[in-house]
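Quick look at what Swiss-Prot lists:
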type	residues	note
DOMAIN	18-211	domain 'UmuC'
BINDING	D22, D130	Mg(2+) binding site
SITE	Y27	site 'Substrate discrimination'
ACT_SITE	E131	active site
REGION	248-280	region 'Disordered'
COMPBIAS	253-274	compositional bias 'Basic and acidic residues'
REGION	376-411	region 'Disordered'
COMPBIAS	384-402	compositional bias 'Gly residues'
Amino acid sequence: MPAGERLPGAPAREERIVVHVDMDCFYASCERRREPALRGAPVVVGMGYEPDQTVGAVATASYEAREYGVESAQAISAALERLPRKADAPDASAAGYYRPVDMAYYESVSESVSEILHGLGDPVREVSIDEAYLDVTDRTAWDVAAGFGRHIKQRIARSVGVPASVGIAPDMSTAKLASDHEKPDGLVVVPPESVQSFLAPLDVADLHGVGPVHARALRERGIETVGELADADPYVLEAAFGERGREFHRRARGADSRPVEPRGKPKSLSRESSFDGATESFDRVREQAAALSGAVADRASRTNASYRTIGVKVVTPPYDVQTRAESLPGPVDDPALLEAVSQSLLDEFEGAAVRKVGVRVSNLVFSEREQATLAGFSGDETGDGGGHEGGACGGAGRGSCGGQTTLDEFT
């Protein structure tokens, strides 16, 4: 939808529609995406469970694993006491599948989710690898917000293969509470007229920003629920907790006025696209990469960004992520060069089956002035001052991928 164009019936700007997307047990969901046989089984992602390891912790536990008392940040030894490894007890009915943390892979999946979200919301605020806010005020209306939320969930599930919980509300704090309300794979819509009734019965500790220490202090003052916090005297709260007390009161009333804003300037710009299954037609791969290069170049131009590095990402079956990049003598804004370098970087993958291809620029420089092209620098058109850098993340390289992309790249 063009900037500034509103959907017929969309609310006025002051009636915001904010979406919070939270990927359920994200690391475990990624492992199930890679190993579909793990669906429905207890999955624990962490380090320290191998026989030669003595120290480690749980990064993520699936909901099935949580039923056995396994929790995030728990010592791996405690997790193993509650839920032994299937590899150690193959015949046990109560055993789980333990997998090592593979950040490169999780970041790749997160990038795919990010690509979808940036196409559905404007603006988008990514707060972590598995969580984001979208302002969709101009994209939908309250009477069809539930359908819009289902569309987000379905796009992520079908295109990426991981589940998400979605909360929709007039403000960021309430939207986050809504996404937590029916996990996993939930969808909760809280329209403006329902905010107070939704918030009031919730435990005060559930309110966004209220940690265990403040929750205990509030309970000592007789405040147990969000509704009681909303009814409290804001001056008394401010006297007890400072400005944070005022903020607690605003959020308890559904009056969180924070705008959905991106976190600073991006470190990279990228676009990527998946094929139906895996394609062995490299002409299709090159054609898609050319289109992606054009989209990235357009985004760089619109944001007054020049770039020192051009890279590509290729995902081959089953879900092996490989990246290649070339550094340039200096920052440029040159669409023709971007396409030429990205096509050159793809050469080594000719003949491979490809599930997904992506193009990115990084090492960005932002300026209001006219950007340079490579002709403004000494050296030849291949960027001789740089060279290739990259890495592959396959089965043997899980958890340690030299040159692998990071979350700030390819987003």
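Every residue, even glycine, has its Cβ placed from backbone N, Cα and C.
As the structure is a computational prediction, the values presented were derived from the model and not from experiment.
Taking DSSP states H, G and I as helix and E and B as strand, the region 'Disordered' (248-280) has 5 helix, 12 strand, 16 coil. Considering only the recorded positions D22, D130, E131, the Cβ with the fewest other Cβ atoms within 10 Å is that of E131.
In this structure, E131 (active site) is part of a beta strand by DSSP. Secondary structure at Y27 (site 'Substrate discrimination'), taken from DSSP and collapsed to helix, strand or coil, is helix. For the pair Y27 (site 'Substrate discrimination') and D130 (Mg(2+) binding site), the Cα-Cα distance reads 9 Å. The Cβ neighbour count for Y27 (site 'Substrate discrimination'), using a 10 Å radius and every protein chain shown, is 27.
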